[in-house]
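As annotated by TrEMBL, domain 'Major facilitator superfamily (MFS) profile' applies to 1-346. Sequence annotations record features per position, and here TrEMBL assigns transmembrane segment to 18-39, 51-73, 85-109, 167-188, 203-224, 231-252, 258-279, 291-312, 324-342.
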């Protein structure tokens, strides 16, 4: 991240800048592929939906800060400050992580380093909670048939048939998050606001990015009350309704209404699909395959992001006011698939989640 930021901030030619962008992109992709699994392995089951939100909140803040910088930048070199800002954040992390970051206790247990795992658990939860934490981190000594095969499988077993439903469910969520069309709003919101009479595209971008931050702060409470699965399903359904509303507003040429539905579209996403996909993708897999499986799913997520970013202008040219209807159709398909492939994970230990998948396979 530091290397990519240094290159981007210091060069004046597009090709070296692209190299820096690629380096930063690889670092960002590696981080998003790792953080969800890492937080999952550090969090007790009843707090995963809360603690896992940090990634989404940090991401939305990271989107807003450059937008603010871009809005107030009044020099031709203002972009250099934005490109170089990750150096500050990465530097802070490198200073603090040696004293604050710990190795995953789940990973240590998987490597048979039980004493080290107990030390980490003591540091995280206190000595009095070590046995409680081990109870949800370690498989039982006499695993049932539903639990057998999930305690010590090698990483390459991600392709085993026993993980097929988990993989399909997590892949579905990762693709749904991006193919919902949310980034078409983020990337091209300036056009919507310009139609409403706001000529400065930076204002529209800033408004959408600001709206995007706040919903995730309420997700933990709502997920604890209603469950992760219900939140995902309600989020997809809500985005279907809002995308239809946006289309109607575009067709009727009511700019104010299009802004309202666009804002609601972002809010529904920000409280459901935005934060919970990261949480549930990590929840679905056992410790032995979580890292590799999550990485593949997050890679698919970024690929879908690219498809939307590159493809939406062509959709807008082809369908004009109907340009969000392809996303509406995709969301409807994703809703039906989610009913089958996405289980409830809120407040459950990994053994309970894997046992539910085993029961689904037997049906």
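Cβ coordinates come from backbone N, Cα and C, glycine included.
Where the transmembrane segment (18-39) meets the stretches 51-73, 85-109, 167-188, the count of C-beta pairs under 8 angstroms peaks at 51-73. As a quick check, the transmembrane segment (203-224) and the transmembrane segment (85-109) miss the bar of 3 or more Cβ pairs under 8 A, pairs 6 or more apart, so the two do not touch.
Sequence-distant contacts of the transmembrane segment (324-342) (same chain, six or more residues past either end, CB-CB distance under 8 Å): 165, 168-169, 172-173, 175-176, 179-181, 184, 229, 232-233, 236-237, 239-240, 243-244, 246-247, 250, 280, 315. The transmembrane segment (291-312) makes contact with the transmembrane segment (167-188): 3 or more of their CB pairs lie within 8 A, with pairs spaced 6 or more apart in sequence. Sequence-remote contacts of a segment are chain residues at least 6 beyond its ends whose Cβ falls under 8 Å from one of its Cβ atoms, and for the transmembrane segment (231-252) they are 173, 176, 180-181, 219, 222-223, 258, 260-262, 264-265, 268-269, 271-273, 276-277, 280, 321-325, 327-328, 331-332, 334-335, 338-339, 342. Using the rule of three or more Cβ pairs under 8 Å, pairs at least 6 apart in sequence, the transmembrane segment (258-279) is in contact with the transmembrane segment (51-73).
If you average pLDDT over the domain 'Major facilitator superfamily (MFS) profile' (1-346) in this model, you get 85.
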